[in-house]
Amino acid sequence: MAADGSQQAGVRRTVIRSVAALIGMFAFAFALVPLYDVFCQVTGLNGKVDTTAKAIIHEEVDQSRFITVQFITRGSAGLPWQMSVETRQMRVHPGQTAEVDFTFTNNSHQESWGRAVPSVSPSSATTHLRKVSCFCFQEQQLQGDERLTIPLVFQLAKDLPEEISTITLVYTLYPIQRIALNPLNNNNAAGDKI
Amino acid sequence: MAPKLPPQHSLQHSSSAVAGGQSQEGQSHYPHAAQPKGLMRWLLTTNHKEIGSLYLIFSLTMFFVGGIFALVVRAELFQPGLQLVEPEFFNQMTTMHGLIMVFAAVMPAFTGLANWMIPLQIGAPDMALPRLNNFSFWLLPVAFTLLLSTLFMPGGGPNFGWTFYAPLSTTYAPASTTFFILALHMAGISSILGAINIIATILNMRAPGMRMMDMPLFVWTWLITAFLLIAVMPVLAGVITMMLMDINFGTSFFDAAGGGDPVLFQHLFWFFGHPEVYIMILPAFGIVSAIIPTFARKPLFGYASMVYATGAIALLSFLVWAHHMFIVGLPLTAELFFMYSTMLIAVPTGVKVFNWVTTLFRGSISFEPPMLFALAFVVLFTIGGFSGLMLAIAPADFQYHDTYFVVAHFHYVLVPGAIFAIMAGVYYWLPKWTGHYPNERLAQCHFWCSIIGVNLTFFPMHFAGLAGMPRRIPDYALQFADFNLLSSIGAFFFGASQLLFVLVVVLCVRGGQKAPAKAWEGAVDLEWSVPSPAPLHTFETPPVFHRAQSHD
Amino acid sequence: MRLPWQWLLTITSVASLSQAHASSWNMPVGVTDTSRNIFGLHMTIFWVCVVIGVIVFGVMFYSLFRYRHSKGAKAARFHEHTSVEVLWTAIPILILVGMAVPATATLKNMYDASEADLDIMITGQQWRWRYEYLGEDIAYTSNLSTTREQIRGESDRDEHYLLDVDEPLVLPINRKVRFLMTSDDVIHSWWVPELAVKQDTIPGFINENWVQINEPGIYRGQCAELCGVNHGFMPIVVHAMEEAEFETWLEERKEAAEQEAMGVDREWAIEELMARGEEVYQSICSSCHQGEGQGAPPAFPALAGNEQLINELDWHLDRVINGVSGAAMPAFRNTLNPVEIAAVVTYTRNAWGNETGDTVQPATVAERIAQ
């Protein structure tokens, strides 16, 4: 019986530890979500740009080379907006601050909300692209038929690696649902609600 | 006096007179109330042998269900063109085939073998938590009834591949996806609880004198597998919960529009998914490591190395996940890291293969059915391992990824790998479970038909993939036609051959040549010291464990 | 760009090239330096595996034959040998390091998309590809052109069954082309085996890749990531041509786009709209809404006899122009020009018994999506 007793104690100990590990791993899975974001922002690894404004750093401009910065705008389904940029590409020195205007037009007669999601290529350039002011930092609201022009102000870091000569910045415009939806209403292939 | 339980089922034979001296039948410490009969007996059993049988029968049934889904796929792919099913249904078939085989066939089969054999191999009377054991099993029929029912729901069942990448599985998914998630949660809980039970049993209930390095390799591999399960099934639970939230509660974990990232899904999924495939193979390594020494009549070569290699594989399995994502746009540093770690994991796996071959070398080898399957495992799993090594070379993977080359790889390691090992284990331990030897002629026929079927089905897939055929397509260009024709013929042949397996098992349960306690001449572990068939209760007093040879 | 280790791969790939050229059993050697490097790596690792397999299975089958119990073999008792274990751990590691060196060099090269001559934006959509020549104002979609009849077996299948499109991606040879890849809906993957380019297209994110094609020709590939019902029906065709020919093509293409743009301002007759609309419908819409507008509910609504479509022109236009968020219906303003949109809306409003008698002029559409 003594053997049984210590065996039971051993079993209990194993179970408690296993359950603790379990809970820990479940929490770890959820912790990975912000960790992934932090990791990507710190390393710039997937072209995901910081969503907070950065101050301009007063540093010398590297006049010896030009970087071609390209801008691409994309819309998406469900948002009747047009997004355009004043210039497709510009040439900027590392260390230089530049500004470019983006125009948003709501083609419908109702107000709606949208958000521009940025992505940068090559991803190694992301940490060197400092955004001082960007419409992508927050949602935009447009009344019916309204047109809005907002600048993007950015600075290319002086220490941008030598290998990079072209940076492409893509903005995809997504709709934001403001009407509270029945949770099951999101489904599409179920069909008839849409 | 020992109450005599009526022999209801040859698996449950419990005549106290036949007790091998290790246990005092019937004088259980927990007096039984009147034994329930029929359905209630099976619903309420807490006996590891009965639960083991439940798992195995469930797994075999689901193997055929998943197999039929595969045959629907192969029937459509028999020729170019869309003849039999619509692409929408085809995608459901490929998805469900994968889900059922992974979660309802392979994993429960290994769990069933674990339930039956771990207590017997370590000299324990039962698992550490018998009632939890019952619950773990019964979750599964509920979970998979729910999963299979999604096929009949409006919009159909899951159609996004067993890997269910977002946003195809969130924003663009059918309405039944929420039920798919619930079913997977239940299956996950079942696995986790089973793993806790296994660890608690192995760490606390070994016979006195049995050190960790004395345990049979099947016990070791299951112990390590159980740790993997506890580590990664919660991550799967986390991912599918995030999916559930994205679909139903307006979050954006995997949706760029809301600031999320579809690639995050892949990282989380494969962080679970890669250890998952090792969960599906490590117990197979343990089974083969029992069978080969038995039929070579020679001790396993390098026991300690085998244990360390298994541990190394388990640890490394956490560091390779993104090799499933080489073409997703990972940064160069990450791509290189995962290439190196994936190549590295080939080393301990190779070491195991070398050890099995060296066990054979200068042995005294006979070819009973369990040995046939175990030998086929060594050869064909290694071939699957070779294609895996090729896939590890990241630049080359750009040409292999999402083609039939990958399908060939994982089917080689899973079918003539995991499945053959399970069948080998079943043939090996049937005498212990039933008291009869399986019919040798029929088993040999099953073996040869399976070998031909499996190779005819999956070998041409290597070429289809190299020629450029992508995965998960219901129709294909003409240059892939010959390979697909062969694969489809092979698939039907292989599927039909598995009916022989059912026949052998059923006949064996009902009768056959009587088997002694030590059914195989070269068998050495503790389970062979109890009678065949094993009584319902064994090792109620722990046996004294004598080390046959030192494993140091 | 010659890389120093290339001699190793050259030996193995030349040995295999002699048998493998135009082989339907092996990966293609391809028409870029990258594809050749990859082929070399593939053949090298293949032969490494063959050699290891021959040795291991050799010992194994020898043992199975030589040490049969039925022939009276007596089992030895040895069961460990540390130095052997160390050896067969170390030697594979060395072999793998040997493989890792050329693999690393190739991968670094594949990741370097700088100094490109031409930028192309590739967008994966359900279930077609869209190509945009950045800086040239040329953009078009590329749709499967294999007919339904061929797929259903009602007519004979041609040589490029399932690998043919209406508008291939046209590229110059000998110039470095940079691809910027993304998706409008789910994850797709752009793959052309002979170019050895494969990259997932992730919605909301940009992936970068590059190619430099050495030989003119037509190269075919397929979508390589499950993306829904028609995943198997969105092929890729790349037409690589001499640089001069490419320049001519660019010019012709720009002119055609200008012509189309001019067509926006004039008044179109209903017959013209119906004809053009039917073309657009069959190549773009029919894969989901089916040839006779019957759709495949609930995922793809029927258009024939669709009450809301018939009665609400405004709603109909909005659906086509702006798509439906979270459903498979894309915003076609990103894919089709105003003429095409006007035509297909006119067509669907009048075909299959819908008979509304409405015409939609390109100018109306252009106003709705005006900048």
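Cβ atoms are placed via backbone N, Cα and C, with glycine included.
The compositional bias 'Polar residues' annotation in TrEMBL covers B:9-27.
Annotation source TrEMBL lists domain 'Cytochrome oxidase subunit I profile' at B:42-546.
Look at TrEMBL and you will find B:1-32 tagged as region 'Disordered'.
Long-range contacts of the transmembrane segment (B:54-75) within the same chain: residues 42, 45, 84-85, 90, 93-94, 96-97, 100-101, 104-106, 108-109, 111-113, 115-116, 137, 140-141, 144, 148, 419, 426, 457, 487-488, 491-492, 495, 498, 502, 505, each at least 6 residues beyond the stretch ends and with a Cβ under 8 Å from a Cβ of the stretch. According to TrEMBL, the transmembrane segment annotation covers B:54-75 (among others).
Summarising the annotation, TrEMBL assigns transmembrane segment to B:95-116 (among others).
TrEMBL lists B:137-157 (among others) with the feature transmembrane segment. Sequence-distant contacts of the transmembrane segment (B:137-157), counting only residues of its own chain at least 6 positions beyond either end whose CB sits under 8 Å from a CB of the stretch, comprise 43, 51, 54-55, 58, 62, 65, 88-89, 92, 95-96, 99-100, 103-104, 108, 174-176, 179-180, 182-184, 186-187, 189-190, 193.
Annotation comment: TrEMBL describes B:177-205 (among others) as transmembrane segment. Beyond the transmembrane segment (B:177-205), the same-chain residues lying 6 or more positions past its ends with a Cβ under 8 Å from any Cβ of the stretch are 99, 103-104, 107, 111, 114, 118-119, 122, 124-125, 127-129, 132-133, 135-137, 139-140, 142-144, 146-147, 149-150, 153, 157-158, 164, 169-170, 215, 219, 222-223, 225-227, 229-230, 233-234, 236-237, 240-241, 243-244, 247-248.
Counting residues 6+ beyond its ends, the transmembrane segment (B:217-245) has Cβ neighbours under 8 Å at 110, 113-114, 117-118, 121-122, 164, 166, 169-170, 177-178, 181, 184-185, 188-189, 191-192, 194-196, 198-199, 202-203, 251, 253-254, 265, 268-269, 271-272, 275-276, 278-279, 282-283, 285-287, 289-290, 300, 303, 306-307, 310-311, 314, 317-318 in the same chain. Look at TrEMBL and you will find B:217-245 (among others) tagged as transmembrane segment.
Look at TrEMBL and you will find B:277-296 (among others) tagged as transmembrane segment.
According to TrEMBL, the transmembrane segment annotation covers B:308-332 (among others).
For the transmembrane segment (B:338-361), the list of distant contacts is 285, 288-289, 292-293, 296, 298-302, 305-306, 308-310, 312-313, 316-317, 319-323, 325-326, 330, 378, 381-382, 385, 388-389, 392-394: same-chain residues at least six beyond its ends, Cβ to Cβ under 8 Å. Residues annotated as transmembrane segment in TrEMBL: B:338-361 (among others).
The transmembrane segment feature in TrEMBL is assigned to B:373-394 (among others).
Sequence annotations record features per position, and here TrEMBL assigns transmembrane segment to B:406-430 (among others).
With a threshold of 8 Å between CB atoms, the same-chain residues lying at least 6 positions outside the transmembrane segment (B:442-465) that come near it are 74, 369, 372-373, 376, 380, 387, 400, 403-408, 411-412, 415-416, 420, 423, 427, 480, 482-484, 486-487, 489-491, 493-498, 500-501, 503-504, 507. The transmembrane segment annotation in TrEMBL covers B:442-465 (among others).
Among the features that TrEMBL reports, transmembrane segment is placed at B:485-509 (among others). Same-chain residues lying 6+ beyond the ends of the transmembrane segment (B:485-509) with a Cβ under 8 Å from its Cβ atoms: 10-11, 60, 63-64, 67-68, 70-71, 74-75, 77-79, 423, 426-427, 430, 434, 436-439, 442-443, 445-446, 449-450, 452-458, 460-461, 464.
Most Cβ pairs under 8 Å with the transmembrane segment (B:95-116) belong to B:406-430, among the candidate stretches B:308-332, B:373-394, B:406-430. Long-range Cβ contacts of the transmembrane segment (B:277-296) within its own chain (Cβ-Cβ under 8 Å, at least 6 residues beyond either end) map to 102, 106-107, 110, 113-114, 216-222, 224-225, 228-229, 232, 306, 310, 313-314, 317, 352, 356, 359-360, 363-368, 370-371, 373-375, 377-378, 381, 410, 413-414, 417-418, 421-422, 424-425, 428, 520, 522-525.
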